[in-house]
Amino acid sequence: MKKVLVINGPNLNLLGIREKNIYGSVSYEDVLKSISRKAQELGFEVEFFQSNHEGEIIDKIHRAYFEKVDAIIINPGAYTHYSYAIHDAIKAVNIPTIEVHISNIHAREEFRHKSVIAPACTGQISGFGIKSYIIALYALKEILD
């Protein structure tokens, strides 16, 4: 069974609480349950990690290599726009990685339009609500099969 690591960055633990008009009203826990169900259907083992701290996210990406993780789905939150360190960590481990965003980052404030992480990733999915994670799972199924 292929193992997928889902990493969520800053403030994503507040899904269902923060800016419901942008991120929806589904709780973080319910998002994880939805991802788990779909991952199981697709034959993936899934592990979740959330941190509001850049260094912890980088450490987790490094550990993914040594733990033989097959793929990563990452929602870097605001780190999307300036974390060259997360970009470099993804490049370093050479694990298929998909960057996801709940909102369409290109339809929001100007500073959110650029991702410095996407160039290190296999692809980017943005703007489909929590379904962005599910779409990423389908993409990984194609990539890993």
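The backbone N, Cα and C atoms fix where each Cβ goes, glycine too.
Because the structure is a prediction, the values reported are computed rather than measured.
If you check Swiss-Prot, you get these features:
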- R18: site 'Transition state stabilizer' (SITE)
- Y23: active site, proton acceptor (ACT_SITE)
- N75, H81, D88, I102, S103, R112: substrate binding site (BINDING)
- H101: active site, proton donor (ACT_SITE)
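Features recorded in Swiss-Prot, as mapped to the structure shown.
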residue : record                             : Cβ within 10 Å
R18     : site 'Transition state stabilizer' : 12
N75     : substrate binding site             : 25
H81     : substrate binding site             : 16
D88     : substrate binding site             : 13
H101    : active site, proton donor          : 23
I102    : substrate binding site             : 23
S103    : substrate binding site             : 18
R18 (site 'Transition state stabilizer') sits from S103 (substrate binding site) (Cα to Cα, rounded, in Å) at a distance of 13
DSSP output for N75 (substrate binding site) maps to strand
Quick note, H81 (substrate binding site) and H101 (active site, proton donor): C-alpha atoms separated, nearest Å, by 12
Rounded Cα distance, in Å, between I102 (substrate binding site) and R18 (site 'Transition state stabilizer') is 13
Those recorded positions from R18, N75, D88 that fall inside 10 A of H101 (active site, proton donor) by CA distance are N75
